[in-house]
Amino acid sequence: MMVFSIMIMGIINNYVYLPVFYELQLKNPVDYLAIRFDEGTRRVASIFNSIGLCLSLPLIIYVPSLALTQVSGVNLNVIASVMFLICVSYATIVRMGTTEWLNAFQLAITVFALVIVLFMGIVSVGGVSRVWQKSMEGNRLEFFNMDLNPMIRCTFWSVIIGNTFSWLGFVAVNPSGVQRFVSFSSISDARRVLVIFVVLAILAKLVSCFSGLIMFAKYFYCDPLSMGYMTHASEILPYFVLEVASKCPGLSGLFIAGLFSTALKYANLYGLRISSVVQFQHHVRSFK
């Protein structure tokens, strides 16, 4: 169902948001609020935008820090603190042009590690058919739950509507995404890139969901949390990687490097850089 929400986001962005932002050549979508309404509305929106970015940064840093804790045994708080200092230094020192090349390299590491772990996970479970069978037995493949009850976690309506707005916020009105789209020489080029992004996002989502099904099939008869192998359910991913990669030296380290690369990219580009620019333009410079 999430795949359809990504498609809907792409259609809405292509016909609603992208033409407006490209025509106005806005580097920050929050600036549109000043044009449409007033400066006060823009400041309020930029404050909430920065708060959201700051709240998301700890979550981004937590995942790779937790994985490294599982491997090294070093305290989680120590690793998270060091990780945050690295992100701040990276965002401060590295130039934007260099950052783009590093982002491409980090993406390659992440994709390679994810594909290898996914392949070895399928082999350890017993094949794709085995994964699908256990997922069906565990009721993990419910596609069309049309219940209108908002208290149910996953229904057709909550997934389609909720994820559509989430992806619009992440792509259509995200300062980083808007800057990339408006930087193209023509709007047709920007639309082609949007199509490529939608396709790659769908593939990434399918791989992510299938990885979850692999872990479910892997531990169908034994729950590592209830058996005391983990202290929290959030540790399931690094635990799975360490178990699957135990026969392949270096794979667990490669996967952790992929997690750190993703966290470094997101924290640097979407968090620290964008938040700093927004705060400077909309709050600090306005009081000069």
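Each Cβ is built from the backbone N, Cα and C atoms, and glycine gets one as well.
No curator has checked TrEMBL annotations; they are predicted automatically.
The transmembrane segment annotation in TrEMBL covers 6-24 (among others).
Per TrEMBL, the feature transmembrane segment maps to 44-62 (among others).
Sequence annotations record features per position, and here TrEMBL assigns transmembrane segment to 74-93 (among others).
Marked as transmembrane segment by TrEMBL: 105-130 (among others).
Residues or ranges marked as transmembrane segment by TrEMBL: 150-173 (among others).
Summarising the annotation, TrEMBL assigns transmembrane segment to 193-216 (among others). With a threshold of 8 Å between CB atoms, the same-chain residues lying at least 6 positions outside the transmembrane segment (193-216) that come near it are 2-3, 6-7, 9-10, 13-14, 18, 114-115, 117-118, 121-122, 125, 131-132, 134-135, 138, 140, 167, 171, 180-181, 184, 236-237, 240.
A Cβ distance under 8 Å defines the sequence-distant neighbours of the transmembrane segment (105-130), meaning residues of its chain 6+ beyond its ends; these are 207, 210-211, 214-215, 217-218, 240-241, 243-245, 248, 251, 254-255, 257-259, 261-262, 264-265.
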